[in-house]
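Everything below concerns the one structure shown next.
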Amino acid sequence: MYNILDNYEDVDDIKNMSSDELKEFASEIRKFLIDKISKTGGHLASNLGVVELTLSLHKVFNLKKDKIIWDVGHQAYVHKILTGRKDKFDSLKQFNGLSGFPKRNESIYDAFETGHSSTSISAASGIARARDLSKDNYDVIAVIGDGALTGGMALEALNDIGYKKTNVIIILNDNQMSIAKNVGSISKYLNKIRLDPKYNKLKKDVKTKLQRTNIGSEVANSIERIKGGIKQMVVSGMFFEDIGIKYLGPIDGHNIEELTSVISKAKEIKGPVILHVKTQKGKGYSYAEENPNKFHSIGKFNSKTGEALSKPKDTYSKAFGKAMVQMAENNDKIVAITAAMTDGTGLCEFSKKFPQRFFDVGISEQHAVTMAAGLAATGYKPVFAVYSTFLQRAYDQVLHDVCIQKLPVVFAIDRAGIVGEDGETHQGVFDISYLSSIPNMTIMAPKCVEELNYIMNWAVKQNYPIAVRYPKGGNDISDVLAPLKEFRHGKWEILKDGKDVAIVAVGKMVQRAMVVRDELLKYGIDCAIINATFIKPIDKDTLNRFARDNYKFVVIEDNVLHGGIGSLILEHLNDMKFKNDVLNLGFKDEFITHGNIEILYKLYDLDIEGICKRIISFK
């Protein structure tokens with residue numbers, strides 16, 4: 001089926017390929033990716049954009065000793081194909097299948113695991129310094145996108161390696177930023193001579209000789225100032241040069257000859273160097289080229305039409321976005337903040353209708369939280385929409401800048417609970433634990449999509465920090481639950497009365513608990529169902545009443561058990577000297593792999609059958 005790909009066996013096979021063969025290979029890889037991802041889902045556009053870049057890196061470097069770190073990691077599919085994992089792509093992102101991100105236990109060619117952005121340069125600097133301490137000899141390459149480069153961690157790492165002159169090669173995969181008009185022929189010429197070792201040696205020798213005399217030193221400094229002024233006008237990489245990192249580029253990221261040539265020369269430069277590569281997301285697939293956001297991370301789709309196979313449904317993200325627009329229409333103090341996740345968090349419509357009150361700060365969660373605190377301190381009602389897994393990056397800002405001052409920031413925590421196919425780095429199963437430990441923080445969760453609107457409207461009217469957590473997708477199992485429309489701080493909703501057993505469920509697990517209740521009635525077990533709308537503070541009055549009536553408690557949450565709501569309930573019952581039995585159902589103290597959500601629930605006994613079995617044994 002594929003002339004080159006079918007016969008490719010080892011990372012060294014690429015070394016002797018001609019430019020024409022590499023171009024044909026690139027075409028085959030694109031066809032392979034489109035075919036496979038259309039059947040499994042995955043990150044398509046970003047991988048189509050780095051085919052030539054990845055081939056060039058593999059051709060120039062010796063992957064049996066050199067280390068490539070892929071920032072974020074979702075653009076590493078081509079790397080996986082070239083490192084012996086082509087035959088596993090039918091299982092991409094499936095349970096026990098090929099991960100969508102680099103995994104050290106998956107291949108010796110995955111030097112470092114990634115998933116969150118802006119980490120690659122820091123990791124590369126650590127690996128490079130370990131190499132130098134051990135007196136080893138290999139290259140360390142960090143591949144980072146223009147979006148990830150906006151992250152504070154990436155800038156911190158650049159500052160460090162530029163100052164310390166750490167020998168690291170950085171590939172800036174730029175698929176979005178525009179290049180100013182003055183970056184043209186002059187820039188190309190300057191890059192050409194800066195790549196020439198004779199030029200670099202001559203420049204160093206001239207400066208050394210000039211500095212031997214007082215007059216020469218002044219001349220040398222003047223030349224440096226003049227040269228710096230010219231470069232400032234014509235070279236977009238001046239920022240990198242100023243902090244001590246050699247800048248090369250920009251170059252065409254789809255021109256294999258130019259890529260291999262410049263990468264080879266970058267390899268010879270001592271000290272940190274950044275190569276600016278211009279690529280196109282979705283390259284080679286017209287639908288992805290026209291709509292790269294849609295194909296950034298997509299489910300199964302028809303490769304001939306580009307249309308998704310599953311029909312879109314009402315989701316929590318859409319409900320949140322709709323609620324934000326409605327609230328903003330009635331309250332000009334409401335502002336929305338996102339960290340480069342406008343589409344994912346459902347804020348597209350808000351950004352268009354209220355551009356002055358919409359802030360996309362880039363991949364800067366720490367900055368986003370403290371900026372929200374500043375807005376709240378001056379009378380505005382900031383809502384920070386963020387994935388659960390990414391809010392982890394701003395824990396100190398939540399604690400130090402928001403909660404100590406008890407500022408009314410609303411955290412709209414999307415993708416809470418397990419998210420499935422993206423695996424360990426993206427499962428949102430820690431937010432209850434890390435937020436419940438912070439004084440002045442209130443945590444809420446809607447039991448259904450429809451309830452989120454009412455919670456958001458209530459939350460923005462309060463004068464203290466509130467986190468509202470909700471899952472990926474839409475209603476879990478049942479869509480017949482009526483949303484709670486009025487809330488009292490720290491009070492739960494009793495959905496069903498019962499005997500002997502009280503199930504306290506959080507968020508989407510409430511719908512699951514309702515189905516479990518119906519199943520358990522067949523075994524003569526009549527459970528009360530409590531919707532823990534407030535995770536913190538817990539409803540102590542309701543707990544006390546059920547405890548005094550000698551109920552056993554079953555707590556179901558989509559969070560790790562350590563520090564979850566079950567822990568809060570146990571702590572309260574212990575403080576009150578109650579002896580009621582408590583069964584906590586949640587996730588173990590381990591990182592949760594990738595796979596279909598229902599398969600993962602079954603793995604942890606959080607599917608309907610598993611929950612029923614645990615309660616029957618407990619009863």
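Including glycine, each Cβ sits where the backbone N, Cα and C put it.
Cβ neighbours of Gly147 (thiamine diphosphate binding site) (same chain, under 8 Å, six or more residues apart in sequence): Ser117, Gln176, Ala340, Gly362, Ile363. Marked as thiamine diphosphate binding site by Swiss-Prot: His74, Gly115, His116, Ser117, Gly147, Ala148, Asn175, Tyr285, Glu365.
Counting only same-chain residues six or more apart in sequence, the Cβ atoms lying under 8 angstroms from the Cβ of Asn175 (thiamine diphosphate binding site) belong to Ser46, Gly49, Gly145, Asp146, Lys278, Thr279, Gln280, Lys281, Pro292. As annotated by Swiss-Prot, Mg(2+) binding site applies to Asp146, Asn175.
Taking the binding-site residues Asp146, Glu365 in turn and counting surrounding C-beta atoms within 10 angstroms, the largest count is reached at Glu365.
Just so you know, the Cβ of His116 (thiamine diphosphate binding site) picks up 21 other Cβ atoms within 10 Å once every protein chain is counted. For His74 (thiamine diphosphate binding site), the same-chain residues lying six or more positions away in sequence with a CB closer than 8 A to its CB are His43, Ser46, Asn47, Gly100, Phe101, Ser297. For the binding site of thiamine diphosphate, formed by His74, Gly115, His116, Ser117, Gly147, Ala148, Asn175, Tyr285, Glu365 according to the record, the largest Cα to Cα distance is 32 Å, rounded to a whole number.
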